[in-house]
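Chemist: This structure is in structure tokens; I'll ask about it shortly.
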Amino acid sequence: MANKIRVRYAPSPTGLLHIGNARTALFNYLYARHHGGDFVIRIEDTDRKRHVEDGERSQLENLRWLGMDWDESPETHENYRQSERLELYQRYIDQLLAEGKAYKSYVTEEELAAERERQELAGETPRYINEFIGMSETEKEAYIAEREAAGIIPTVRLAVSESGIYKWTDMVKGDIEFEGSNIGGDWVIQKKDGYPTYNFAVVIDDHVMQISHVIRGDDHIANTPKQLMVYEALGWEAPQFGHMTLIINSETGKKLSKRDTNTLQFIEDYRKKGYMSEAVFNFIALLGWNPGGEEEIFSREQLINLFDENRLSKSPAAFDQKKMDWMSNDYLKNADFESVFALCKPFLEEAGRLTDKAEKLVELYKPQLKSADEIVPLTDLFFADFPELTEAEKEVMAAETVPTVLSVFKEKLVSLSDEEFTRDTIFPQIKAVQKETGIKGKNLFMPIRIAVSGEMHGPELPDTIYLLGKEKSVQHIDNMLAKL
């Protein structure tokens, strides 16, 4: 095993980059960068049925968007896709066959299904029963000849030691142990199409690439004993394994499911909605790990420096969309204006709102944004029809002082010339209404805000009125007075 730390992220090109896979990549990235090691990207594409066109490009593109870089990948190195390494796998399959540690299996899918059904009806744990048990060498040869004559293509199975014990000290979960008798019998290492199975190929790849640490989700725990069997059969030292806990939905307490519509689970979705990649990186880094303390906002460089594998959580990581949005808002609020405007610009352009007021509008709503696409609904006031009032807003506007407040404020606005109507002159007009009517606080500000914007909350009221313009503000107040 290599002395230098080498980790890998090995996705299958079967679709978009999910938040769970992004976390696996990110933790491997942080671990490698923290220790000055190598971060390797390898593509596991042996499952041809699930292969998605452009899946590999999508994975790498979204990892780059998150801010990760890598030392080795299919882009820079030959044979970093499993489909390009079939000769390598065959070499080790042939070795195991020659050493009697693996054998060709001619049992058909129909026979396997029938045996599983029998075992289930008998209340037995489903497992593969070696088809050659009880056969003499002559009978075995006749059986193989008969099957080959019938055109049956064999798989290759690894011979499992039923008495074997497979254990490791997990980086996250501590000591874990499996008995060979609980593995399910001899398992397939090469399919009928000549492709290796996942648990075989991954061992060959990790060994040849000198991977020192395998950090992955705990759904892979059941794969680990099978992989340890291959390491043992080939006489190789296994890497260190670390299995991160599940990600659960914070609202349901259950494993995060792609059917959970209250969460954004694919990195592509965050890109399309205009989240800052730094915010998404920060959020994912805290899913199952934390550096201690109360602070939650960290730059990529800080996370690399702080990352400590000993602080990987043993409890499930709760995916909280509200927390993601809170964190995103914090990043957008504190980002420079040019970066935020660049994120908002495509959404404004698509909505036909890239006007001379666009920069002012982004500046106005920047503190409220959780994602850049929100700039469109937030600016509806300036481009769309006046919104219907909510019940809470109607209740505010039902107060008997409202007509007085609106009428007097309207007079103050109308009295301002175009030159006098500036952002700085609006607040004094509101204070003048207070002085003239004796009405103050929420009873003063809230009716004006609702009459002008149709909302109880928003940016500073003078900013909204100034950007809306005197004429339109007066029009909105007139319309509201007519409804009272």
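Just so you know, the numbers here start at 1 and follow the chain as drawn.
Heads up, the Cβ atoms here are built off N, Cα and C, so glycines get one too.
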Chemist: In Swiss-Prot, which of 255-259, 310-314, 460-464 is tagged motif ''KMSKS' region'?
Modeler: 255-259
Chemist: Could you tally the C-beta atoms, other than its own, that fall within 10 angstroms of the C-beta of Lys258 (ATP binding site)?
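Modeler: The Cβ of Lys258 (ATP binding site) has 10 Cβ neighbours within 10 Å.
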Chemist: Mean pLDDT across the motif ''KMSKS' region' (255-259), rounded to an integer, is what?
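Modeler: Within the motif ''KMSKS' region' (255-259), the model's average pLDDT equals 81.
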